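The annotation signal peptide is assigned in TrEMBL to 1-28. Annotation comment: TrEMBL describes Cys111-Cys146 as disulfide bond. For 210-251, the entry in TrEMBL reads region 'Disordered'. Residues or ranges marked as compositional bias 'Basic and acidic residues' in TrEMBL: 227-242.
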Amino acid sequence: MEDPNRKIWIMQCLLLLSIACFVAQLYASDDVKFYEPFDEKFEGRWIASEKSDYTGVWKHEKSEGHDDHGLLVSEKARKYAIVKELDEPVKLKDGTIVLQYEVRLQNGLECGGAYIKYLRPQDAGWAPKEFDNESPYTIMFGPDKCGVTNKVHFILKHKNPKTGKFIEHHLKFPPSVPLDKLTHVYTAILKPDNELRILVDGEEKKKANFLGADDFDPPLIPPKTIPDPDDKKPEDWDERAKNSRSSCQKT
């Protein structure tokens, strides 16, 4: 019987040029929750989506010029998604959470993304092969480039406590993606004090606060007041700067 509370780790690639994904790891504080070096073949441990949108075929091959194996996107202009169920859920409130993985755009990148998603518990009966773009998630993280877009995504999907709806909160002014053909390590660090740090190759590129008014769009904490486009000045509004009343007396 499936555990409905089990969280799921997704590697998703939407690319026009090939990419190799090498090492993925997830840990909370000093406790490694998940580590995948892709030294061995992934079949049976990772499940590729069978949805019609994801027609790309994953391969387990060596990176060009290296002996390290990884997941290889084998064809141009296709979507790819592959799923790994974790042995236990990771709660973001339990301590410092680190999401980290390596990506090599060994043939360059014209238009596409190579990001990971950390899914929420899915509906009963859901299977990893059914993953698609509508599968509910908590975090989306990783490089994305197409046209004028060039950024390392970080999106937190958070439940509004008043409305009960899940809202995507996008990191503002994210770092850019290295566009060479080398391997790069992408790291997101989520701390209990609501601090978020984004690192590329171990170097901090962005620091933000989940509760900051200017760090996410929309902010997780809404402003106390918002403009009302339908608000109008009353017809009897007094335009005078001062209104003197000679009949008033001090008591």
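Quick reminder: no glycine exception, Cβ is built from N, Cα and C everywhere.
Owing to the predicted nature of the structure, the values given are computational and were not obtained by experimental measurement.
Long-range Cβ contacts of the compositional bias 'Basic and acidic residues' (227-242) within its own chain (Cβ-Cβ under 8 Å, at least 6 residues beyond either end) are absent. Helix, strand and coil residue tallies for the compositional bias 'Basic and acidic residues' (227-242), in that order: 0 helix, 0 strand, 16 coil [DSSP].
When other Cβ atoms within 10 Å of the Cβ of Cys111 (disulfide bond) are tallied across all protein chains shown, the result is 14. Taking the Cβ of Cys146 (disulfide bond) as centre and 10 Å as the limit, one finds 14 other Cβ atoms among all the protein chains shown.
DSSP assigns Cys146 (disulfide bond) to a strand in the three-state reduction.
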